Amino acid sequence: MHSVSPSTYPSGGTSPAPADTPGTEYSEYEFSNDVAVVGMACRVAGGNHNPELLWQSLLSQKSAVGEIPEMRWEPYYRRDPRNAKELKKTTSRGYFLDRLEDFDCQFFGISPKEAEQMDPQQRVSLEVASEALEDAGIPAKSLSGSDTAVFWGVNSDDYSKLVLEDLPNVEAWMGIGTAYCGVPNRISYHLNLMGPSTAVDAACASSLVAVHHGVQAIRLGESQVAIVGGVNALCGPGLTRVLDKAGAISSDGSCKSFDDDAHGYARGEGAGALVLKSLHRALLDHDNVLAVIKGSAVAQDGKTNGIMAPNAKAQQLAARTALNVAGVDPSTVRYVEAHATSTPLGDPTEISAIAGVYGTNRPADDPCYIGSIKPNIGHLEAGAGVMGFIKAILTIQKGVLPPQANLTNLNSRIDWKTAGVKVVQEATPWPSSDPIRRAGVCSYGYGGTVSHAVIEEFNPILRPDPLDDGAATGPGLLLLSGPQEKRLALQAKTLREWMTADGKDNNLSEILTTLATRRDHHDYRAALVVDDHLDATQVLQALANGTDHSFTTQSRVLGADVSKDVVWVFSGHGAQWPDMGKQLIHNPVFFAAIQPLDELIQAEIGLSPIELLRTGDFESSDRVQILTYLMQIGLSAILQSNGITPQAVIGHSVGEIAASVVAGALTSAEGALIVTRRALLYRQVMGKGGMILVNLPSAETEEILGRRQDLVVAIDSSPSSCVVAGDKDIVAETAEAFKARGVKTFTVKSDIAFHSPTLNVLMDPLRDALGQALAPTVHIKLYSTALVDPRGQDVRDLEYWTGNMVNRVRLTSAIQAAVEDGYRLFLEVSTHPVVSHSINETLMDAGLEDFAVIPTLLRKKPTEKHILHSIAQLHCRGAEVNWAAQMPGRWATGLPTTTWMHKPIWRKIETAPLHTGLTHDVEKHTLLGQRIPVPGTDTFVYTSRLDNETKPFPGSHPLHGTEIVPAAGLINTFLKGTGGQMLQNVVLRVPVAINAPRSVQVVVQQDQVKVVSRLISSDPSLSDDDASWVTHTTAYWDRKVLGSADRIDLAAVKARLTTKLADNFSIDYLDKVGVSAMGFPWAVTEHYRDTKQMLARVDVNPAVLGDDPLPWDSSSWAPVLDAATSVGSTVFQTAALRMPAQIERVEIFTSEDPPKISYLFVEEASDSVPTSHVSVLSETGEVLAKFTAMRFSEIEGTPGVSGSMESLVHQIAWPPATPAEEPLLITKVILVSPDATARAQYAATLPTQVQSFQFSTTEDFFSNASSLPLEKGTVVAYIPGEVASLAEVPAASESFTWNLLELIKFIVNGSLPIKVFTLTSSVGDGQTPTALAQSPLIGLARIIASEHPDLGSLIDIEEPKIPLSTMRYIQGADVIRISDGIARVSRFRSLPRTKLRPASEGPRLLPRPDGTYLITGGLGILGLEVADFLVEKGARRLLLISRRALPPRRTWDQVSEDLQPTIAKIRLLESRGASVHVLPLDITKPDAVEQLSTALDRLSLPAVQGVVHAAGVLDNEMVLQTTRDAFNRVLAPKIAGALALHEVFPPKSVDFFVMFSSCGNLVGFTGQASYGSGNAFLDTLATHRARLGDSGAVAFQWTAWRGLGMGSSTDFINAELEAKGITDVTRDEAFAAWQHLAKYDIDHGVVLRSLAIDDGEPVPVPILNDIVVRRVSELSGSAQAAAGSSGNDAVPSSGPELKAYLDEKIRGCVAKVLQMTAEDVDSKAALADLGVDSVMTVTLRRQLQQTLKIPVPPTLTWSHPTVSHLVVWFAEKIGK
C-alpha cells in the first residue's frame, strides 16, 4: 500500500525520459501515446479474489487445480441418462471458482429473479469491474454519462445453452442475460456509460484483444477511461467434451507450461479487469499508475496447417509490431508472460517465436525471462490474456520474477541453450541493471488470433515531488456507505480488520481522503468522527457491533424525490455558553474570519471580542448579541472551508445579520457595525424587559393579548408556540395568567423585550448610528423573518435593519416558505440549538416525514468534533459536500474494496429427459403421452414422463406432504384415453406421487384400462430398468353411447334440504381433515344439506386461482370430477381424511363440453364403508354425469387432524394474557435468591403494604419455615442467580432447577397453601449466559404446572422487580413472559409469513454435496433416519457420533443380531453414494470438545457444514419422586452435549445447527421434569445462536415419531398424546416438516398436530388454543356471516395506520415479484433501482390489484416510482 500525491504535468509534450534510458530510440515515440493502468482486480481459482492474494500464490507456486463442483453437471445427468456415460469420460478436473453461483444482486439493483437469468460471467464481471474502479480510486458514479469504454473478452456460452434449451422455462430476459454482449453492456448499463461497449470473442486471445481495443479507444480520443477485461465460466460439459476429443485437455486436469510432461491444458474460470487512462490524464487526476502500456498489437496467423495450429512467424510479427508502436528495443524487455497452454505443439512454437524477438543476440547471463500464470490458475480462455497482463503488472510492481509452478523438467523439444530466454524457476529479484522494468504479454486464440502488449513500470520522475501531508492532526471524518443499510456494519468490520492489519501503519488522513474523495457515496451512509488511527478502529468496531457512538452518524439520504439542498438557519439570542469560543479561536479558519472584525468592534465598545471569547465573559445582553454574530461568522467560514455551501439562508432575530452576510446582502464588516451599534443602544433598555415562550400558536396568543402595545407576540416560533415580550413585570404577571389557563410558559433568559414596541425609542438613534446606505446584491436565496412576506426582496438598507430590531420575528413563515420551495435539509448555525425544535415542529405540521434539522454545535461539547459531526449528518442525509476542499491531500491505495453480500443464484433446470418420448398435455388434465400401438393386437400404450413440472393439474394436491395426482385426473385420463362414456369398477389402488420423476404408461387392452408407472433413477449408475412397474388405477370401459339421463327438480331439492351451509364449508372441512389444497380450481357458491344429502352449486372457472386465466382445455371433465369427488367426501357425519378407493360406475351423459357452472347432488349410501353417490347437474337440473357407489377409504392418520404443513409446523407466539376477574391475594412475599443485592433490589420494589422475607438458600428458608406465616396470601418468589460465562452454565442450571424442585416438594409435601413464582431474567431473548443457565427452569415450570396445577407460574421478566400485578391477575398460566411491559402467554400459531425466505435463497436446513454432516446419536434410530434423509437430499459425507463404537468393518458380516440393522442401514447409505464415518465419542464428557476437534483434524474430511444434535437420555419420573442424581443424569448430557457442539461449531460456522428437542414440556407431559428442562435449554440455545446471527440454528420441538426414537408411539405414549390433544407423526411427516421449516428464518419449530374437538369443548391444554380444530356440524347465521367476510384484512381508514398497512402490503407485492424478502425492499428506493424492469412492472401491477382490490393504471409506476409514492396514491384512493 502506498499513497498518491496530487501533481501537475504540462499538457502535451514528449516523454521526459532520461537520456540514458535504452529503448526510446527504437522509433519515434510520443508521450501522449502512453496509456496508464490505474486500477485492477481479479477473481480466480484458489481463493485468489484480488491481485495481492494472487501474488502470494504466484510466489508460493500454488496450483489451484481441483474437481468441478458437483452442481455444474447435475442438470446434464438428469436431462438424458446417456449423458452419464459421456460425463464419466469427460475431464472433471480444472481450476474452478469456489462459488461461481454467488452474486450480490442487491448491490447492483438487480432482482434475484433477473440475476438468475444472467450468465454468471455477467455477474462476476460486474463485481470485478467495480472492484477495479475502487482500486483505481475512481468513484463509479463519477463516470455516469461519460464516454468511458468497456471492452470485455468472453466466449463461453455454457449458461446460455443450459437455460435456453430448457424451453418450457425460457423467460424474456434470458436473451440479454446470456448473450456475449451482455457482459460489457451490463457494466456500461449499470454505470450509465456512453462510450464503446463491446464483447470481444477472439477465443483465448479475447481479453488481451480487449485491452488493445481499450488502448486504442484512449489514444484515438474516443474515451477518457476504458474498463477492459475478460471472463470465463465453466457451466456445462459440452466444450470440455469437445476439447477432450481434440486432445487439447490435460488428462490430469492441470497445466504444466514449459514442462516436458506438458500434454494439454486445464480449463480455468474467473475474471480480471483493468482500468485504463492516458498517462497524461492519470497524472492530472492524481491517479495511482500501476504500469504504463507502451504498445500493443493484434493480428491473425493466416492459413496454417490447420485453423487451430499455431504460427511462430505470426506471433513474432505481432510482438515486433507492438514493440514498434511502443518505441521499445526488445533487448530492454526483461520478462515475457507467455500464453503457454501446455500443449505439445503450442509451447515449442511459442518459445521459438519469443526467442526470435526477445532472445536474439542476448548474452547467456542476460536472458529474457519467461513464465506463465496458467499452472497457477488454469487457462481462463477468454480471460487468459488479462490475467497474464495482471501477473506482468505485479511482477513489474514488486520487482520480483515469480517462479513457475508445476515445472519439473524443462521441455526437451525446445533448444533452451540458444534461445536467449529462460524460464523463471525460483523467485528472482528483477535485475538492478535494468534502468526501467519492462515486460511483454502474449495471448493467442485457437482460431488464429495473435496479440501482444508491451508494458513498463511508471517512471516516478514524471510526477513532481510528493506532497507530504504528515500525520493527521485533529479529528477527521471517516465515511462509509452502501446501497442497503445492512452493508454498513459489514463495511465497518472489513475496514477495521484492514486497519488493524495491513493498514495499521498508514496515514489516517490519507485513508479518510480516499474514503471521502475516491469512493462512491451510496444512499445508506455512516460518517464517523475519529481522532486518530486507534480511535478509528474502535469506532468502526462499535459500528460493526451495532453499538451507538456519540460521534457516529448513520442514516439514509433523503428520498429520491426530495431536494438535498441545505438551508442555513442562523438563530438568535439564547445559544450562548461560556466556553463556546475557547477552542474555536485556535482554528485558523475561524480566527481568520473574525480577526478582521475584532479591531472594528473593539473601536466601538472598547473591548476585544476575541478576548471575551477567551474569557467567556459575556453575561450582558449587548455582549451576547455581538458574540453571537461573531461566532456565526466564524462557524460559517469553517463550514464553507469544509465543503458545505448553503443554497438558502434564514436569520432568526440577531441571526438575520449573519444570514445576510453569508447571502451577500452585507459584508462581514457591515454586519459587525450593525450588531455592535445596535448592542450599544440596547444598554439603554437593559433590565427593563422580559420574554416568555408560550405553548400556544401566535394567532391564539394575540387573541388573548388583544391590542396591547406593552405586551406583544415578538416571535412566531412554530405552529404551536410563540414568544411574548414586554415590560418585565407585566411579562411575569402574564406568565401567571397563562398558567391559570392551563397554558405552559417558559421564561426566556433576556432582560430586553426584543422585537417589541418597547424598542421603538431606539429606532432613530439606530438610524443615526448606522448613518450609511446599504444596497448590496444577494447571491444566495435569503428568506426574511422580519417581513410579512418571507420571500420579499426589500433592500437590506437602513430602514430594513431598523425595522428588524422591533418587528416580529416570523420564523414559522420563513420555514414554511422554504418548505414550499422544496427544501428539506436545515442546518442551525449557532453554538447551541435554539430554533431546531421549532423548525421540526413546523416541518411536521406541514405533514413532512423525510427531512432533517441539524445543529452545528452543542453546549459543552467539543466544538471541532461537533462541527464535523454536523457535516457528517448533512452528508448522511444527502447534502452535497465538496470533500476535495476539505481533504485536498494525498490518498491511499490498497484499502479494501466493497465487501460483497453474496447469495447463491443459479437457474434450476427442470427440463424432462429426452428419452421419454412425448409428454402428456397438461392442459387436457390427463396422463396421455405418445400413443404406441402394440403390433398384432388391439392394445395400445400411452407413454409419458411425470414430475412436478408436468403434473396434469394446475393446483396442488398433497397427501401427508407428498403431491399426488387427484382421482379426477386419473378418471379423466381413462375417459379421454378410451373415448368411452362409461367406466366400471374403477379401483384406485396406489396414489400416483410426483415427488420424484417417473415414467408413466396408460395401457388400454380390450375393455380394460390401467395406469402404471416406475421411478426414474437419479443415480447415474442405475438404469431405469432396475425399477419395478407399479399399477396405480384400473377400470373397465364400455364403448356404448349413453343417452340423456333424468332431470332432477332443483327447487324441490333446495326446499327439502333446509340447512344452508357456508359456501366454504367443503373447503374448510377438507382442510381440517388434512386436504390443504385443491388440485383444480373450483368454488362452491351455494350449499344445502340435511343428514344424508347435499346440494352444492359449483363454479369451475379457472379464474378462481387469480387474474391470469389458466391454460385450459374446455373438453376436460377433470375439474368437475374433482369437485364431485371432493364434495362427495364431505357428506359423512364423522370427519376423517378419506380418499376415493373404488367407484362402481362413472357415467357421462353428454357429448358436449362440461359446464363451468353445475350442481352436485350428493347422497350418502354407506354400508360398512363410507359410500356416496354424486350426480353432476346442469343449472336446469339435467343429469350430465354420475358417480355411482363411490367408496372411500380412511387414510392412515387421526380423524379431525389437518394434514397441511401449516397444521403440522408451528411457532410459539406470545399474545397478551387475559387478566382474571378476581385477583390473587398477595400480602407477603418470601424471596429466595443466592444474590443478596438482587434480593434487596427486588424487595425494594414491593409496596409498603406487602411484607417481605429474604433467604439466600432453600435450606435457609426451610429451616426458618416454622416461624413464617405460610398461609393464604403468602407467595414464594424464587430468583435464580446470574452467571457471567458459558462455562458456568451447566453447574448453574443444575443448581437452579434443583432448588426449584426442592421448593415444590417442600410445599406439596407440607400441604402449604402458598404459591411459588419463579422469576427469570429475559430468558426469552436468549442473549446472555444467564438466559441459558435459567432456561431449563422454563421447561421445568411447565412440567410442574402439569403435575401440580395452580401451584404458581414462572414469569420471565425484563426488569429486576417483583411483577406483583402479573402475579395477581394472570392466573392458570405455566409460563408468563413480560415483554414491553405486557404480560404474555404462549400459544402455538402458524409460522409467520414475514419470516418466509425468498424463493431465490432456497431452504436453509438442507445439505450440499461438498460438506460433511455430523449427527450426534448417530447410531440411534432417529440418528440413522436423519442420516437417511440427509443423503436423500444430497449429503455425501456423514459423521455419526455415538457413545458406542462399531466393530471393524472386516467383521461386519459376523456381528451380533442387535447390530445387524445398524450395519445394514450404513451399507444402504453407502450404496447410495454416501461416505459414512462413525466416531465413538460421548459428547457429554468434559473432554468432548478436545476429542471432537482432534477427531475432525484426524479424519481430514471436508469442513462440517451441518450439525444435527439428536442424542439424548429419557428417564421419566414424577416431580415428587425424582432424585437429584436421576434428574441430573438426564439434564447434564443435554446441556453439556449441546454446549460442546456450540463451542466446536460456533454460530455462522456451519450452514445449519439443528437440535432435536421435544414438545413434551410445552404441552406438559407428566414425568418429564428432567427431560423437559433439558429440551428447554436446547430451545433457548437455538435462540441464543440466532441472536448471534446464525440463521441455521433451529430447535425442532417434536411430538412422538410413530414407531421411532425415545418418544416412539406406544399405547402409553398414544394415551398421553390424546390426553394432551395432539397426535404423533410419521417419519415422512417429520422430514416434510423439516423441509417446510427450512423455508422460514425462525429458530424453532413445534411439530405436532392437534386433535379435533367438538365446538364448545375445552381445549386440552391452553397452548393449543389457536390451532385446535373444532368440529361444527352446521354453521349458524353469524358464523356464515363471519365466513363470508373471512380472508379480508381489516384495512385502516386513514392516518399513519393506513400508510403503515399499505407500506407493508406494497413492499410484500414488490418482494414477491423480485423474489426477495419484504425487509429487503427499501420504501424510498426507486423501483427500477431495486430491479423492477418493464416486464416485472406488469406483474407488479397485477399483484397490487389482487392484494389491494383497486384498479391500477398501467402508467402508475411511471409517476409513482417508489413504494412511498405508491403508498400515497393508494391512500388517496382508499380515502375516497
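Placed from the backbone N, Cα and C atoms, the Cβ positions cover glycine too.
Per Swiss-Prot, compositional bias 'Low complexity' is recorded for 1-18.
As annotated by Swiss-Prot, domain 'Ketosynthase family 3 (KS3)' applies to 32-457, with the evidence given as sequence analysis.
Per Swiss-Prot, the feature active site, for beta-ketoacyl synthase activity maps to Cys204 (among others); the stated evidence is sequence analysis. Cβ neighbours within 10 Å of Cys204 (active site, for beta-ketoacyl synthase activity), excluding its own Cβ and spanning all shown chains: 27.
The annotation active site, for beta-ketoacyl synthase activity is assigned in Swiss-Prot to His339 (among others). The Cβ of His339 (active site, for beta-ketoacyl synthase activity) has 30 neighbouring Cβ atoms from other residues within 10 Å, across all protein chains displayed. His339 (active site, for beta-ketoacyl synthase activity) carries neither a helix nor a strand DSSP state and counts as coil.
Reduced to three states, the DSSP call for His379 (active site, for beta-ketoacyl synthase activity) is strand. Among the features that Swiss-Prot reports, active site, for beta-ketoacyl synthase activity is placed at His379 (among others), with the record citing sequence analysis.
When pLDDT values are averaged over the domain 'PKS/mFAS DH' (925-1201), the model yields 83. According to Swiss-Prot, the feature domain 'PKS/mFAS DH' maps to 925-1201, an assignment based on sequence analysis.
Listed in sequence order, Glu963, Ile964, Val965, Pro966, Ala1077, Met1078, Gly1079 are the same-chain residues at least 6 apart in sequence whose CB falls under 8 Å from the CB of His957 (active site, proton acceptor). Residues annotated as active site, proton acceptor in Swiss-Prot: His957.
In three-state terms derived from DSSP, Asp1113 (active site, proton donor) belongs to neither a helical nor a strand segment and is classed as coil. For Asp1113 (active site, proton donor), the count of additional Cβ atoms within 10 Å of its Cβ stands at 14 [all protein chains shown]. The active site, proton donor annotation in Swiss-Prot covers Asp1113 and rests on sequence analysis.
Per Swiss-Prot, the feature region 'Product template (PT) domain' maps to 1205-1657; the stated evidence is sequence analysis.
Annotated O-(pantetheine 4'-phosphoryl)serine per Swiss-Prot: Ser1734, in sequence order.
Annotation for His379 (active site, for beta-ketoacyl synthase activity): spatial neighbours Tyr95, Cys204, Cys255, Tyr265, Ala266, Arg267, Gly268, Thr341, Ser342, criterion Cβ-Cβ under 8 Å with sequence separation of six or more.
Each residue contributes its Cα atom, and for Asp1113 (active site, proton donor) and His339 (active site, for beta-ketoacyl synthase activity) these two points are 60 Å apart. His957 (active site, proton acceptor) falls within neither a helix nor a strand when secondary structure is assigned with DSSP, and so counts as coil.
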